[in-house]
């Protein structure tokens, strides 16, 4: 080697050839061997395993020998047992060390035949021969035949796939072996063993770097060494010492050598720069540096002069996209009126007249014709139903009178302003309390004005022009008196108000402006999401008709924002307003800042309150001039102050306020008087504002010194009066100066004065506390007083109870008994479908937790406990040292009351609708493939032979393949022209927010084993957990208990899905495409019915039907409809219904392409938080927010529920599904479900409420057939609502309600699909509005519209299930949750007068019935009608209700205990591992309809007994073919209703039905003699059917007797005086004698017409009594 012309003495020149010395040229060396050390190994085969044996390892440089003390590890070959262990562990996803060899494949696979089959196939492929039935052989016995083997096909392929799919590109098999050899000293055979161990613990994804790969292989080596019992030590540890000793090269030589290399590199760099024309002189860099230095100097100057806080304070924030609008005053009016008439109590209005007057004023300001009609309608209805409520009559009358008198008036701000003043008291214990107390000597509506007149200079108004000495104070006071009597109207006016934060004077003025009907634009310096709730509530409480409130974020300390704000107001593309007035009340506090402390914050406040006020006014002038407006000056109310430095320590505040007074003179000296008018407002001491709250306790003392203090409402009125037309006109004549200081300026040194007053109050409080302490001390020492020593009391820590939440049992006397006379025995419980259990799993956790948020907006303490458990933050322990909750991570005890403080923030951030937090789905990094054509040959890479062959098949001539040193591997080169797919990551922000399950939720908390968790799709786990909870909700602590009451075939499963399990579907399609390894049984979990199958296999084991509805977003309602029909048809007695769905990246992308989901990026740009993005029915809605989870209900036949004592949450009165019209758009919303309300003419049948209470006439609205055609059809026990579906004169919806004695007016709640999409949210209300109008719902009685998806997002399939759960909770609690995200209701929905959209939760007295509506893509529409359970109970006799109550109390108490125990022990899901019967008994049990399960009292287990089957009591079965009394009553009542409308006035009707099968009285000679005439007997005996003849005559006699409406002499009275003759034309005739004839004459009947109809099993007769002169 030569350096600078000198040959190194220690070197020699070698001539190398590339063909012969390739290794030396590439610096590859053979592995060195320590001299004198012989490696000791066991006998091993000379040939190494094919895949595991690389070409000879690269030779390492011979730097230093290994120390002779190094431990040598024997190189041992693999055993067959190890290979089998690895293959099994890989399939079971278990570490090899955790896999016992004492078990067989069958045992380890848990009985899964598909897994056994797969493992046996892998082992067959691995070894040339294996024993028979390998699945039954213990793993350790696989090594007997051949103790040392090589890797076979299966294991070799697994290792190859591991390396190709999970290792970095530069970390191939050779690199892995080299690392294992160099670092750990492992020989080739042990290297192969490590590779084998790795296939059982693959990394989840491709490792990013070689260092990560080395760390992974180090971990695998450690696991291998631990399983083999050997100790591994890195070889570097033994080499360090020798390596350091071997360094013999002179450092100077090395430095000289490096210097020469650097010089050569610099020369090459310069040559390349010259060729590429790159300037290396640094001139451009110098220019850049100079520019940077200049800019830095300017920045430093700005920072030094203005301070960082000033620069931060002037940053612009105006963004009109973030503005919020509130304007749906008409919906607020509906909400207030409807809530008033449905409230449970009127005591609030009785006890608080002021609150009621405020309420009346609010409604008067919103009064229109629609509201007046609504009030009249509701008051008529409520007169009968609520008249007993104290205070109702007076309140209702006053409300109607108030609305009637103001319906045509403009809205007016009617300020109720009692004269109150500050009052400070000090309690006995020395606590200082402040309150507002009435002022003395004044009263009435104008008491405030009276109090002002008491002081000569409390307020004043005069001209600010020195040339005009006019005093307008008296005019102002007179106008204020008039305003307090009549109100102030601001209709048609527009205002801009800045500084209207909570509790401010500006906010008080805004309230008055809204009450007066004005349009107001308010600026806020905070993000809209943090202030929207406050301004929404302000508008809800004060917005009058025609009013509008807009809120826009704006930094008025920014010059850019000042200009942008005014441009937005006047721009035709913006608001296009011309301001009537501006109130620039924005201010900045600058406490404790004296003159020598002036800083950037002070200057920022000066800019905000003075400089930028001038800027805003100047921009208004510019805009008005540009628009040519010179005759409508904008009034400016300048916020002046008496503080001209008298307070001190407030920065530039006095100077800013004082400088504004210059505008009094500028208006004359400058040119803008045609555009602006000026009115200065000197604001005095205003209590309870941000600046003065701390001084409230001394305000009373201040007033004693002749100073008047004002409340916020009083000051707001003062200011608002200046905006009325009279004073606006005065202001246009010249500037006004309003003094509302209350003589505050007369005080001297205010700081000292205030400090003295504070000190005085504090001293008084301290004296009282000291006196009290002294009194206690004296009492303790007084004679005869024994000191009492109290032991310290341990602090109480409240505990929260985990409860299921069972429904309230209605009070029989108060709620059920009033219904019983008209409903008892009206409906057979066997013909009713009831909901006995429900559950859900969604973004808020369980149904209980979702309801707390939906109805109250916050969690209870019990809710926090449940959520913390569900999110795996806490767990329950029960041992000798502690019983209770502990932190999951630390194990530290956690009290129930501490959970909110410890985990509240975490829970809030990881529940509900939020940015997606899933580990498997990152929308910000969505992976897609880009097809790329290779333009240049790519470098070679190594793959297996199979992969190389596959690549040749795909790329043909565009791929080059050559052998490598490894016989099972090849070197592959992709050549120019090859087409490859390159993965790339793109952000999919559109769908980056969703309603995910609470973070930390795991099915393991419910008791599902880990192997099952990894085996099935997540949606299956959701469904299993929900089904288990639904049974607890039904009070069923073990699902198998139901089979004590029903047969195995009578429980159905109708849980559906829109897309099934996406995780397994993705594995089946995408992972296969990527050549990733997938489970062998992945296909089975892609079917939509598989979760239901898992539910049956793991929990139920029933033989009932599994039907899987697929209705897109309407899947849930389709499932309910299927379950309802199944029970009504008698196919099942109990059904699981509901739906499940998961979040799926591909589906989210598809929804985004349809523009159905909300664009999260745009929503964030508009200032919306994730929780605000789902806004059903709102004017600003922009699409739905996805969610996922599961919802389940347990439906049951009514008699079974009574028999079992199950809690009844609701009655499913009816359901319907409908398609839609012809079209070409699958997702288009439709109106086919209108057919649920189909009827030709509104039913004229008598309501059940107006009928007599006798059984024969207790019927609700029933089928309106024109004539009786079949007695059999009448006696059919199917429910009348179902029979009515086939009629034309009664809608199925009406019939469903009529079945329970309800009308269309009794629907109280409509749960809307309400997805927050443009199309659905207009179509759905239109459908319901059309239905209500068609069915004749009384105008003015709107339904409460619930939009649950504002809280949950849209979960697709479970949507209707969650909605139904919410409806059940509404029925139970009487609470109607509001849509808190509804800022402004879409104006198009104003015409939906039958709907009211609440924005807050409303408490109702009761909810009778609900209507649930759901829609889905693909022409799916459905509705469900539900009825409160008290109507079901009212059909039962009281003893039966009371017996049921006893049963259900026992069941629910046990259910609560069992559920709490299951949560604490993590055993909510009870997995069944075997059938509850012996296998030989299965056919007998399946075939025996009376087979029932029984419980072993000793073990508590449920089993079918082999020796006996419980028999059904024959007495419980009615005689075949005999109609029940209920059916007879229904039939008679139906005919009576159909006949009565066609009768003459005063006519009578009688109906009777006689079953033929039970009519045996004709065989009794005495009966025949007493009741039939001779001619009747002769006719009957000659008839072909003697039984039918006698029965028809008896039936006719009974009908005639009823027609006569005479007093009965008892069931034994003879009927011979009523004779039925056989007419010549075949029609029967009635002949009356004796008492019967007398009764007819007394009733005024001229005659009786009779009709007799015969059926196969019954005879029915109808008798019509005709009045004299009637036809």
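The backbone N, Cα and C atoms fix where each Cβ goes, glycine too.
The active site, for beta-ketoacyl synthase activity feature in Swiss-Prot is assigned to 1113 (among others); the stated evidence is sequence analysis. Note: residue 1113 (active site, for beta-ketoacyl synthase activity) has non-local neighbours 1058, 1313, 1315, 1354, 1356, 1357, 1359, 1414, 1415, 1416, 1417, 1420, i.e. same-chain residues 6+ apart with C-beta under 8 A of its own C-beta.
Secondary structure at residue 1313 (active site, for beta-ketoacyl synthase activity), taken from DSSP and collapsed to helix, strand or coil, is coil. Taken from Swiss-Prot, the feature active site, for beta-ketoacyl synthase activity covers 1313 (among others), and the record attributes it to sequence analysis.
In three-state terms derived from DSSP, residue 1354 (active site, for beta-ketoacyl synthase activity) belongs to an extended strand segment. Sequence annotations record features per position, and here Swiss-Prot assigns active site, for beta-ketoacyl synthase activity to 1354 (among others).
Annotation source Swiss-Prot lists acetyl-CoA binding site at 1552-1554, 1598-1608, 1622-1625, 1652-1654.
Summarising the annotation, Swiss-Prot assigns Mg(2+) binding site to 1552, 1653. Taking all protein chains in view, 24 other C-beta atoms sit within 10 angstroms of the C-beta of residue 1552 (acetyl-CoA binding site).
The compositional bias 'Pro residues' annotation in Swiss-Prot covers 47-58.
The compositional bias 'Low complexity' annotation in Swiss-Prot covers 1244-1270.
Predicted-model confidence for the domain 'Carrier' (75-153) is 79, expressed as mean pLDDT. Swiss-Prot lists 75-153 with the feature domain 'Carrier', giving sequence analysis as the kind of evidence.
For 926-1428, the entry in Swiss-Prot reads domain 'Ketosynthase family 3 (KS3)', with the evidence type sequence analysis.
Under the heading O-(pantetheine 4'-phosphoryl)serine, Swiss-Prot lists 113, citing sequence analysis as support.
Residues annotated as region 'Disordered' in Swiss-Prot: 40-60 (among others).
If you look up Swiss-Prot, you'll see 492-729 marked as region 'Ketoreductase (KR) domain', on the strength of sequence analysis.
Residues annotated as region 'Disordered' in Swiss-Prot: 1244-1288 (among others).
Among the features that Swiss-Prot reports, region 'Disordered' is placed at 1497-1521 (among others).
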Nearest-integer angstrom distance between the alpha carbons (Cα) of residue 1598 (acetyl-CoA binding site) and residue 1653 (Mg(2+) binding site)
14
Cα-nearest neighbour of residue 1653 (Mg(2+) binding site) within the listed binding-site residues, 1552, 1601, 1604, 1623:
1552
Among all the protein chains here, how many other CB atoms are within 10 A of the CB of residue 1354 (active site, for beta-ketoacyl synthase activity)?
31
DSSP puts the residues of the domain 'Carrier' (75-153) at 43 helix, 2 strand, 34 coil
Could you tell me which of these binding-site residues, 1604, 1652, has the fewest other Cβ atoms within 10 Å of its Cβ?
1652
Translate the DSSP assignment of residue 1623 (acetyl-CoA binding site) into the three-state scheme.
coil
Among 1313, 1598, 1623, the most crowded of the recorded positions [Cβ within 10 Å]
1313
